[in-house]
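Taken from TrEMBL, the feature domain 'Glycerol-3-phosphate dehydrogenase NAD-dependent N-terminal' covers 3-160. According to TrEMBL, the NAD(+) binding site annotation covers Gly8, Ala9, Gly10, Ser11, Trp12, Gly13, Ala140, Arg255. The NADPH binding site annotation in TrEMBL covers Ser11, Trp12, His32, Arg33, Tyr49, Lys105, Ala140, Arg255, Val279, Glu281. Taken from TrEMBL, the feature substrate binding site covers Lys105, Arg255, Asn256. The feature sn-glycerol 3-phosphate binding site is assigned by TrEMBL to Lys105, Gly136, Ser138, Lys191, Asp244, Ser254, Arg255, Asn256. The domain 'Glycerol-3-phosphate dehydrogenase NAD-dependent C-terminal' feature in TrEMBL is assigned to 180-321. If you look up TrEMBL, you'll see Lys191 marked as active site, proton acceptor.
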Amino acid sequence: MTKVAVLGAGSWGTALSIVLADNGHDVRLWTHRKEQADHINSTHKNEQYLEIMIPDSIRAYYELKDALQGVEVILLVVPTKAIREVCQQVNAIISHKPVIIHATKGIEPGSLKRVSQLIDEEMTQVTYEDIVVLSGPSHAEEVAQRQPTTVTVASINENNAKVAQDLFFNEVFRVYTSNDVIGIELGGALKNIIALGAGISDGLGYGDNAKAALITRGLAEITRLGTHLGANPLSFLGLPGVGDLIVTCTSVHSRNWRAGNLLGKGNDLQDVLERMGMVVEGVRTVQAAYQFAKKENIEMPITEGIYEIINSVKKPKDVVEQLMNRDKREEMDDLASLLRNRNTR
Ligand SMILES: NC(=O)C1=CN([C@@H]2O[C@H](COP(=O)(O)OP(=O)(O)OC[C@H]3O[C@@H](n4cnc5c(N)ncnc54)[C@H](OP(=O)(O)O)[C@@H]3O)[C@@H](O)[C@H]2O)C=CC1
Ligand SMILES: O=C(CO)COP(=O)(O)O
């Protein structure tokens, strides 16, 4: 039995706590709202985020220092915009060196840093190489119902990746390992932008052809930027790449798809975000990806179009027209040269 503090009691933190509790671990689920901790402990429910009974063995905490007492593993699962703040709070409390796993999917606008880089910056006890990221096609709603799910855990520290694999692995939650932290983080963050696009396309009334095109050409963009930033291109063919792209672009559970769908139907972004009541990471990540594409001079027309819609520069229909009328080209043009360049390095 491992003592694990799960920081973030939203849908994903709750679902992953259930996996850990099913595996017999001592799970402390931390929330920054006292009334939520009391509610979870007295009712074993967190219905604001998930319609599921929470195992009695999971205890919710409001006091962070109590939640962190003697833990061997910390699982960070707050939205990207809260990562720095939560890491600073943890840093002020712990003096030991637990294994840090994060399951957050985003990139910070401005700094253009991935989540593991933010953790590394904020936590003095942590070394970048030791951080583990957990990612893959895994909606909280299905994980909490113990539906078959596969994810990947990646770390430069192979031992820590195996620790994470053993911690979560069970008969309905299959966990693979990888050492491509950059690829796994970027795949998870960037697919949310394409999922917004898929939702917009559905909201506009376009069909499966358009969505399949967005998924495929979106994957080309993710691979283009990711490989440029040092990821292994093969990672984008894996669970945290194409796997997560498919699930997020096609599932009604997806917050990003749902938000996009409402935007495509003509709703205002602020209204949409208020209606969602949960984090829609793609809205913030698209700002970062757009900045990345400009800074690194990477062609990302879908990302650019979603950026223009989110920032009310263009209407969804105009972006579709813009994408369909780009210059004619060979499909594998840039990806083939990207792989060639990589091989000769
Ligand atoms: N939901 C899913 O299926 C999956 C989500 N993810 C990723 O996991 C991350 C979290 O998503 P998810 O659980 O869905 O988000 P939710 O919106 O469901 O929950 C976010 C949780 O974080 C809490 N929180 C926000 N800011 C802070 C803060 N400053 N300090 C402490 N707690 C804070 C929220 O508290 P409050 O209730 O007060 O707002 C809430 O409990 C995202 O990066 C997402 O992309 C990854 C895979 C699957
Ligand atoms: O990352 C996810 C599934 O793997 C969750 O995506 P959403 O945030 O769009 O629900």
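Positions of Cβ are set from backbone N, Cα and C atoms, glycine also.
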Over the domain 'Glycerol-3-phosphate dehydrogenase NAD-dependent C-terminal' (180-321), what does the predicted model average in pLDDT? 96
Need this for a regression test: binding-site residues His32, Tyr49, Gly136, Lys191, Asp244, Val279, filtered to those with Cα within 10 Å of Arg255 (NAD(+) binding site). What's left? Val279
Neighbourhood of Asn256 (substrate binding site), C-beta criterion under 8 angstroms, separation at least six: Asn192, Ile193, Ala195, Leu196, Gly199, Thr248, Val280, Glu281, Gly282
Val279 (NADPH binding site) has how many other Cβ neighbours within 10 Å of its own Cβ? 24
Given the sn-glycerol 3-phosphate binding site residues Lys105, Gly136, Ser138, Lys191, Asp244, Ser254, Arg255, Asn256 in the record, what is the largest Cα to Cα distance, rounded to whole Å? 15
Taking the Cα of Val279 (NADPH binding site) as the centre, which of the binding-site residues listed as Gly8, Gly10, Gly136, Lys191 lie within 10 Å of it? Gly10
Out of the binding-site residues I have (Gly10, Trp12, Tyr49, Asp244, Val279), which ones have their Cβ sitting under 6 Å from ligand 1? Gly10, Trp12, Tyr49, Val279
Binding-site residues near Ser11 (NAD(+) binding site): from Tyr49, Lys105, Gly136, Lys191, Ser254, Cα within 10 Å gives Tyr49
Identify, in sequence order, the residues in the chain of Ala140 (NAD(+) binding site) that are 6 or more apart from it along the sequence and have a CB within less than 8 Å of its CB; answer 'none' if there are none. Ser11, Trp12, Thr14, Ala15, Tyr49, Leu50, His253
So if I take the binding-site residues (Ala9, Gly13, Tyr49, Ser138, Ser254) and measure from each Cβ to the nearest atom of ligand 2, which come out below 6 Å? Ser138, Ser254
Going by C-alpha positions, which of the binding-site residues (Lys105, Gly136, Ser254) is nearest Gly13 (NAD(+) binding site)? Lys105
Only counting partners 6 or more residues apart, tell me which same-chain residues put their Cβ under 8 Å from the Cβ of Ser254 (sn-glycerol 3-phosphate binding site). His139, Ala195, Gly199, Val247, Thr248
Between the binding-site residues Gly10, His32, Lys105, which lies closest to Asp244 (sn-glycerol 3-phosphate binding site), Cα to Cα? Lys105
Rounded Cα distance in angstrom between His32 (NADPH binding site) and Gly8 (NAD(+) binding site) is 8
